[in-house]
Amino acid sequence: MPNEGIPHSSQTQEQDCLQSQPVSNNEEMAIKQESGGDGEVEEYLSFRSVGDGLSTSAVGCASAAPRRGPALLHIDRHQIQAVEPSAQALELQGLGVDVYDQDVLEQGVLQQVDNAIHEASRASQLVDVEKEYRSVLDDLTSCTTSLRQINKIIEQLSPQAATSRDINRKLDSVKRQKYNKEQQLKKITAKQKHLQAILGGAEVKIELDHASLEEDAEPGPSSLGSMLMPVQETAWEELIRTGQMTPFGTQIPQKQEKKPRKIMLNEASGFEKYLADQAKLSFERKKQGCNKRAARKAPAPVTPPAPVQNKNKPNKKARVLSKKEERLKKHIKKLQKRALQFQGKVGLPKARRPWESDMRPEAEGDSEGEESEYFPTEEEEEEEDDEVEGAEADLSGDGTDYELKPLPKGGKRQKKVPVQEIDDDFFPSSGEEAEAASVGEGGGGGRKVGRYRDDGDEDYYKQRLSPKMPRTLSLHEITDLLETDDSIEASAIVIQPPENATAPVSDEESGDEEGGTINNLPGSLLHTAAYLIQDGSDAESDSDDPSYAPKDDSPDEVPSTFTVQQPPPSRRRKMTKILCKWKKADLTVQPVAGRVTAPPNDFFTVMRTPTEILELFLDDEVIELIVKYSNLYACSKGVHLGLTSSEFKCFLGIIFLSGYVSVPRRRMFWEQRTDVHNVLVSAAMRRDRFETIFSNLHVADNANLDPVDKFSKLRPLISKLNERCMKFVPNETYFSFDEFMVPYFGRHGCKQFIRGKPIRFGYKFWCGATCLGYICWFQPYQGKNPNTKHEEYGVGASLVLQFSEALTEAHPGQYHFVFNNFFTSIALLDKLSSMGHQATGTVRKDHIDRVPLESDVALKKKERGTFDYRIDGKGNIVCRWNDNSVVTVASSGAGIHPLCLVSRYSQKLKKKIQVQQPNMIKVYNQFMGGVDRADENIDKYRASIRGKKWYSSPLLFCFELVLQNAWQLHKTYDEKPVDFLEFRRRVVCHYLETHGHPPEPGQKGRPQKRNIDSRYDGINHVIVKQGKQTRCAECHKNTTFRCEKCDVALHVKCSVEYHTE
């Protein structure tokens, strides 16, 4: 660099070395200008113009370190406005250098730096977009190729889809893949257009031309899976895959596979034809055997008959059979013998022999000369030879049609095999038995043989078994027959496996309800052949049949060597079936009258307080029972409890108070801190006394518990409360019956889990209540009910009957009960009707399977408000109504009319519409929710104090229940009733204020600590003078000052340290 542009003075050189920046080091100059320099930068920076247009520094400092590497950015000084020559200093005008204003120069340099950064980021972004665009093109090519392959596969599979179910499923799968590929192609195309808008230009067109050339190429192997189309492979690859050649070209010798001959008697595919063919074949072979034996026994030698030529192998001599072939031949003879023996019993199910389970149907293409999978042993062959010879003796020698005859029962080595029927529970009726006499009369010691009317009579035997013969109908046809004809009594339906039993079954079912009903079976099973097994063994069915004419077997016809053998009784429990004739008609019945006698309202003639109403249930007898057994239990543990009735009422008041004033820990009721301290509780009972009573609370004697009753610890209290709840039942006609959950999270055998309930874990109680929520009767659920009364009606129905009997015993009359589908059945309605009551309830589908109502699927397709109904001869009506879903209701006290209109919102019309509703649905909705209302009232202010023992939750529930019942009576008979919370508060205040015992005055305990947050807040901590000296909270010396806010003694000098954290 020339040195004429540098000032000659040493001072100027030093300043230029400190302040000026060369053009080649523009990055450092920009950083220093942004940071503001060191405060000594002058106003002007001079550059000298060079002929090549590059600006050089006016300063050259020898001590400056050169920059390593090429420059990242060159500043174009021509883009920066220079200072006018007239405004330059006189010393600079004669030097011929460019002079710039410092602010202008800084702005110009920063602007060029920003532009360079923006261009660099733009270039980097274009590179990324270009890479993404290439990836999109690859995806587009792959997706297009897959679509072409899928279209070809669809063209190949479409002609075969109508004939094959498997190919139809594959075709559906391919179409779903095509739809997914089309959606993917749309997304890729949209992304391609977006990237084209960013890139634009010729490069995109070049790529598109390249992609269009690739579309004309032949597609490669399919990658859609083996279910779509096999991959094209060469002959070499096929040999390697099948194991005929190694990958190195070596041929592998293959063993000839001999397919075993499969023999099976297929009863469902032409069994009679099979018997005829086998009989003919057996006749021909046994005829040849007879001729051979006759030739061997002849005295003179005879010419042996010519060997029988095989049709499959003509012009060949008969070869000597091997040992295995002889065994196979004897085995076939055995099959033929069995076929001849059982030809008279065509259609009867027979027991499968052990070796028949391994047999499979003969495959197509199997020759007769191939070996079978089963070969009998030598012992079996020897035993069967005698039987075959005896059968061959009866064969005629001519070529006439062969007549089947019974095999002779004699024989030296005849094996006796007991015949076992398929239906073990089938026994002939007593009317079919004939008279018999003992065997060996006078000789003694003879055996006894049973003799029945059908022995030896083939026609009558078939007539007796005809109800059990399978019918060649489909399962769907059999179910339609049972629904339309009520006279058919079926004991079982036997379903054969479908043809595609191993194929995957679709999840789509014909019904949408849970359970094993006919509406839940798939279509493949509905079209399967099935057998209808009817109750043909019943003696009544024989006598009722007019075409039945029993044969008169007199005692003279029975040989004297026979005696009667009684069949054993059947183990199968016969259910009593009620056959009803249903018709479409409405129920016309008058509602029940309700209670006969009026309730004793003497107590409610005067206004009663909440406590007095509660003590109708928790009277002196109940409280004395609790006090007695609690003291007894404490005494057995060596603790002197000394509980009294007054003290228990105070304890019960604290329990009720915890329902609407809950704290995380029950001990917090007795704390002295002002945020949780409860004056009413702490003044009524000491904390430790409450804990002692709660841990020893009992209502039964542990030494005399019923081992069968799982709730025997609570049974005395439950029984007494049931008596009092039933005594004060309001005068109602309609009562609901439902279940009630008590929360419990411990371990117990009776704990239940009910999904979808507000309380999922806990004990379940069966409750009968009025429509407003007064619980009349309750029992805990403990699995198997120890009370076996009415158990023939089921668990739910027996509980309803027990409740109705208890209600009728306490208040004679006729009532209307409402319950849900767990309890409802036609048998329960009949039983309640016989007791003079009426009932209404939703019913499950399997409880009314014989009622010919319109199906749920058909009703759902119709408009809302459509219903179908039927009535039987006993006054029970069943109605199926379509609302949001299809609901089925059965009733013996409410019919269809009068119809009412209810408001429903229509999603289709986007407005509320009027829907007609049968009267029995209205009755159910109006009177069903009594137990749920009681559950809501109790759960709203449930006691928050819990115990660790399993019986603490149901015990406290009993107290909550009677408190809720007392409030229901208060609402019924009081002219100015209060809500449940106010009623509860009045009971609590009365018990704690009347029966509470305030603690005796004694030594004052340690004062509670002040809140730490208010100690260090620095607000209103004023030091004031106090009357007497106390210990300073900081230095623990005596002082007459204290902090008014913290209420602690403090010196003035200690105040700052105490209030500083």
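Including glycine, each Cβ sits where the backbone N, Cα and C put it.
Between the listed residues S158, S953, Swiss-Prot assigns phosphoserine to S158, with no corresponding entry for the rest in that record. Residues S466, S554 are shown; Swiss-Prot lists phosphoserine for one of them, S554. Within the list K255, K409, K416, K1009, the entry that Swiss-Prot describes as SUMO2 cross-link is K255. Contacts of S158 (phosphoserine) defined by a Cβ separation under 8 A and a same-chain sequence distance of 6+ are given as L171, in order along the sequence.
All protein chains shown were included, and the count of other CB atoms within 10 Å of the CB of K255 (SUMO2 cross-link) stands at 5.
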